[in-house]
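Feature list (source: TrEMBL):
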SIGNAL    1-19  signal peptide
DOMAIN    86-389  domain 'Peptidase A1'
ACT_SITE  D102  active site
ACT_SITE  D284  active site
Amino acid sequence: MPSFRTVAACAAILSLATATPIEKRGKTFTCEQVKRGSVARNGPAQMLKAFNKFGGVAPTEVVSAAAAGKTGSAGAVPEDEIDTLYLTPVTVGDTTLQLDMDTGSSDLWVFSTLLSDSNQSNHSVYDPTVSGTKQDGSSWNITYGDGSGAAGTVYADKVVVGGVTATSQAVEAATSISSSFVEDTDTDGILGLAFGSLNTVKPEAQVPFFDTVADDLAEKLFAVTLKRGEAGSYDFGFRNESKYTGDIAYVDVDTSNGFWEFAPSGYAVGNGSVVNASIDAIADTGTSLLLLPEAIVTAYYDTIEGSAYFAQFGGFVFPCGDVPDFTLVIGGQERTVPGEYINYSAIFGPLCYGGIQVDTGIGYSIIGDIFLKVSSLETCTMKQNANSAVVAVCRLRPDYYHPSPGLRPTGLNYQQETRGPEIDERAACSPSVHNSNPTVRYIGPTFRKIQNRHSNYFIV
């Protein structure tokens, strides 16, 4: 039988295995994301990324549309068409790297001095000769569906995230890497937060970072707050009760496949009634879109006049403008994605690419950032039980999020939205200050931020 864990709001992460010793005990920390760069939003490219990540075979039209988006010429990109990249500063050995923290994988791999000089260019790199201990005979190799990947050797070294230190963490140092990673000069590697069974190190899988530090925390959980157009934060060891309001919805997590896998029980479109449906879903901070079964996606777009699946664009598109909200039922409670989030990006003339697309060929539905950053959803605490894990879904407090800068596509025009406060882009990883109630703040994955106006709290 598969083991289960509890997940809060969007998803909770809690894979807790016995691992190497940690410094001190009972810690709680919050780590703010850091703004690193920007990229024009490309829906087909995000679809292709999801197929590649989960080993699915992408339809030919998705591959073609993604490639066309990369090579097509364009003028100035509207502000609302920009994805802002937010990463988490992580110290590996004696070097601080900007890592993409990902709940859909469990490897901690980084650019290293073992790469050629050209592949190290414009990246911060880990030097394993300074303090690392080579794990003789261990190697790793990650290959994605598009043929890209990275490979290398394994070292044990100190890894620090916020105020949490793993004194002998498995660090996968890259010795070879695809050009697509080299060209992404903002990101120096990935810190996976999924369960250890997904770890790719051979001959023996290694313990992920969170599992290593879990016993050092006040509570064995982490929470991720995602925001639209602003840096998010990660709480380790406690749930920050000041960030959410109302009831928390809990749902069991099936850990047997290594993912934060759970089953929403229904959906609703706009103001319509809830339709019962069993959805096998993964909470993944590394995926931008919300990918669902074809019947559900079709039911949503059937309510939008002029919408259709266009092979040319590799997905559903519709006339830019107001579209219905979308609701998922999780743990018996409804959590709604505002229509403005689903209006993902203008793709051609008056047409916009939908933030909800079909999951066919991937093997799972993917609960990505479109859902994880909704104003009504906050990922909350996840606690470990003997044989169970739980994800908790929360609603963010209205006074916690702020309107973000950006332009919203409306037909052929772009209307200026109210600008919120300036974002402090400093790395801000510090001990949390909270009341006597033990809550767990999780320093977790970094996310690619989209100019969103609301945020979620995600607890593992």
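Each Cβ is built from the backbone N, Cα and C atoms, and glycine gets one as well.
For the pair formed by D284 (active site) and D102 (active site), distance between Cα atoms is given as 7 Å, rounded to the nearest Å.
Counting other C-beta atoms within 10 Å of each candidate's C-beta, the active-site residues D102, D284 are led by D284.
Mean model confidence of the domain 'Peptidase A1' (86-389) amounts to 88 (pLDDT, 0 to 100 scale).
D284 (active site) falls within neither a helix nor a strand when secondary structure is assigned with DSSP, and so counts as coil.
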